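> I have a structure here, written as structure tokens, and I will follow up with some questions on it.
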Amino acid sequence: MKIAVLSRNPRLYSTRRLVEAGTERGHEMVVIDTLRAYMNIASHKPQIHYRGKPLEGFDAVIPRIGASVTFYGCAVLRQFEMMGVFPLNESVAIARSRDKLRSLQLLSRRGIGLPVTGFAHSPDDIPDLIDMVNGAPLVIKVLEGTQGIGVVLCETATAAESVIEAFMGLKQNIMVQEYIKEAGGADIRCFVVGDKVIAAMKRQAKPGEFRSNLHRGGSASLIKITPEERMTALRAAKVMGLAVAGVDILRSNHGPLVMEVNSSPGLEGIETTTGKNVAGIIIEHLEKNGGPNMTRTKGKG
């Protein structure tokens, strides 16, 4: 197969590993800088151009689209889909999962466990919003944030009111969530490929920190997940319509709660922690499921 990898940086660990794994299995791997691809949309034959030449003959595309380029990245990926190129994750599923609020609304509709979450526009509704999520301590999240940036833990209702007012004053869209104390600053990253959780790791926040992101100094370790956690991760990825996803789960007193479904999960942490060839498993999934003109939309909403 001729496989495109949409990535801003060919030197990133995840991009490098996918290229290595694909090459090892006999595929032609081509890394394309997402922002340098441009499109002829209105022609009868949809095209993508790259560095002055049309991109042709691709069987599949692996999107590694960073959060900051979601809009343009999804447009490029959609154009590949219009050309009949099979996407590992489709554009509509990536857009769905990148919208934190929309993704929680869709997960909630399917009865998947979530932390109690509130969303409001008017400062007049702040006290009621805080009560809605069972009061302080609570977590405030900027909807556009990634890697733990724009996430604040407020220990008291007074602090929460001040922080929410400040974000609203800056015209930032935020959501307010209950703080799951019993998780102890840890979450579980379940790596889903197709209809299997192929690997899982526990991410523990460093002392004095509640965000467990590895980018914020968190540590990763092997973990055995429960059947309920496995089923929750698989259902969450399916609701989003994602074939490959990193599903972040908290262990709470009332079962597993989904924090986020990541459409472009990093490979370094999970491969290093588990010793599994995750990149190879992803390429195998493409071989089994991918092919020209197999671009039917998955997921709803």
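Just so you know, glycine gets a Cβ as well, placed from its N, Cα and C.
Dumping what Swiss-Prot says about this protein:
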{"type": "BINDING", "residues": "Lys141, Glu178, Tyr179, Asp187, Arg211, Ser212, Asn213", "note": "ATP binding site"}
{"type": "BINDING", "residues": "Asp248, Glu260", "note": "Mn(2+) 1 binding site"}
{"type": "BINDING", "residues": "Asp248, Glu260", "note": "Mg(2+) 1 binding site"}
{"type": "BINDING", "residues": "Glu260, Asn262", "note": "Mg(2+) 2 binding site"}
{"type": "BINDING", "residues": "Glu260, Asn262", "note": "Mn(2+) 2 binding site"}
{"type": "DOMAIN", "residues": "104-287", "note": "domain 'ATP-grasp'"}
> What average pLDDT is reported by the model for the domain 'ATP-grasp' (104-287)?
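For the domain 'ATP-grasp' (104-287), the model's average pLDDT rounds to 93.
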> Around Arg211 (ATP binding site), how many other C-beta atoms are within 10 angstroms of its C-beta?
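Within a 10 Å radius of the Cβ of Arg211 (ATP binding site) lie 20 other Cβ atoms.
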> What does the structure give for the C-alpha distance between Asp248 (Mn(2+) 1 binding site) and Lys141 (ATP binding site)? Integer Å is fine.
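It is 15 Å, counting Cα to Cα.
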> Could you tell me which three-state DSSP class Glu178 (ATP binding site) falls into?
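The three-state answer is strand.
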> Taking just the CA atoms, what is the gap between Glu260 (Mn(2+) 1 binding site) and Arg211 (ATP binding site) in Å?
13
> Radius 10 Å, atoms counted are CB only; among the binding-site residues Glu178, Asp187, Glu260, which position scores highest?
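Buried the deepest by this measure is Asp187.
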> Whole-number answer please: how many Å between the C-alpha atoms of Glu178 (ATP binding site) and Asn262 (Mg(2+) 2 binding site)?
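One finds 21 Å between the Cα atoms of these residues.
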> To the nearest Å, how far is the Cα of Asn262 (Mg(2+) 2 binding site) from the Cα of Asn213 (ATP binding site)?
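Cα of Asn262 (Mg(2+) 2 binding site) to Cα of Asn213 (ATP binding site) measures 13 Å after rounding.
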